[in-house]
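Quick notes on the structure that follows.
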Amino acid sequence: MKSILLFMIFAVCQLEGKKFSQDNFKVDYNYYLCKQDLHIIKTQNDLSNAWYLPPQKAPKEHSWVDFAKKYLNMMDYLGTYFLPFYHSFTPIFQWYHPNINPYQRNEFKFQISFRVPVFRHILWTKGTLYLAYTQTNWFQIYNNPQSAPMRMINFMPELIYVYPINFEPFGGKIGKFSEIWIGWQHISNGVGGAQCYQPFNKEGNPENQFPGQPVIVKDYNEQKDVRWGGCRSVSAGQRPVFRLVWEKGGLKIMVAYWPYVPYDQSNPNLIDYMGYGNAKVDYRRGRHHFELQLYDIFTQYWRYDRWHGAFRLGYTYRINPFVGIYAQWFNGYGDGLYEYDVFSNRIGVGIRLNP
């Protein structure tokens with residue numbers, strides 16, 4: 001119908017145009033009106049046909065951006081951060097003589113932590129099985145006289161089963177219990193065996209090693225305990241870990257409990273300091289991310305003169321979805337596994353990924 005109407009108006013306009021050309025001094029206003037009507041109808045026709053135009057595809061993002069987002073989301077486990085300035089207000093522990101080749105109090109601390117889903121809906125459940133790994137390094141990068149050694153490393157591989165429960169007591173007014181974690185964890189500093197019982201010469205110094213005090217081995221419940229010298233083999237061994245997660249808005253609290261599997265320990269008092277669990281509090285608001293970790297929350301406090309635990313406080317200011325400015329404060333025992341029974345007070349500043 002619209003095509004017929006357009007044809008009729010076009011024909012009338014052509015006739016009026018001839019009339020206009022015969023009289024050079026007379027302006028026929030009808031010809032102008034015909035042109036205007038024809039333009040309006042064509043415009044309306046174009047608008048009505050706009051629905052039939054194929055939809056335009058959204059521009060694709062760069063492949064490296066997609067890769068970075070997926071990679072950072074995968075790494076979001078216990079935090080991946082880099083602290084080029086990490087200062088200790090207390091002396092740094094070293095197993096050999098403290099007056100020989102001392103460590104510097106300024107160092108570079110960094111941690112890489114990620115988890116990867118291995119099986120989703122495993123055994124026909126709603127849960128997911130994850131493979132996780134966390135490694136923390138304390139790097140004496142500014143200690144040029146000692147060739148900038150890697151002072152301490154913690155290794156922690158895990159296998160974790162996460163089951164969503166979404167239990168909302170009191171109708172969700174006090175938040176909800178979102179997840180239950182059941183995992184198997186190994187944590188150690190990668191040192192042990194013959195490295196911890198080195199031969200010594202007549203002067204009491206280890207052969208072909210830097211000077212130190214002689215090794216004194218004592219029996220502690222039929223286990224060897226290195227009191228002086230040698231190296232410091234530390235491992236929490238294999239242990240199951242149970243976690244419960246509670247959430248409300250931007251607040252998340254995770255409480256963990258771990259019993260110990262009996263094994264031949266080189267440091268039998270390790271449990272007295274690491275305890276049987278910890279708690280982690282996360283709070284996010286806008287660009288701000290606050291973290292508080294409390295260690296050794298399940299232990300026999302009445303047995304000790306002072307608390308053997310620690311707290312780690314962290315703050316992140318998000319610059320963009322990929323990185324943020326990060327600050328950390330640690331106070332207590334066991335900043336690293338190598339220092340499980342050593343008190344330290346430290347602070348660091350750097351960056352954190354996936355804030």
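Indices start at 1 and increase along the chain as displayed.
Every residue gets a Cβ built from N, Cα and C, even glycine.
Worth saying up front: this structure is predicted, and the values here are computed from it rather than measured.
Residues or ranges marked as Ca(2+) binding site in TrEMBL: SER147. The local packing around SER147 (Ca(2+) binding site), expressed as other Cβ atoms within 10 Å of its Cβ over all shown chains, amounts to 7. In the three-state DSSP reading, SER147 (Ca(2+) binding site) counts as coil.
Secondary structure from DSSP puts HIS186 (active site, proton acceptor) in a beta strand. Around HIS186 (active site, proton acceptor), the C-beta neighbours below 8 angstroms that are at least 6 residues distant in the chain are PHE155, MET156, PRO157, GLU158, SER235, ALA236, GLY237, GLN238, ARG239. Marked as active site, proton acceptor by TrEMBL: HIS186.
The 10 Å shell around the Cβ of SER188 (active site, nucleophile) contains 18 further Cβ atoms across the protein chains shown. Sequence annotations record features per position, and here TrEMBL assigns active site, nucleophile to SER188.
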Legend entry - Rounded inter-Cα distance in Å - SER188 (active site, nucleophile), SER147 (Ca(2+) binding site): 24
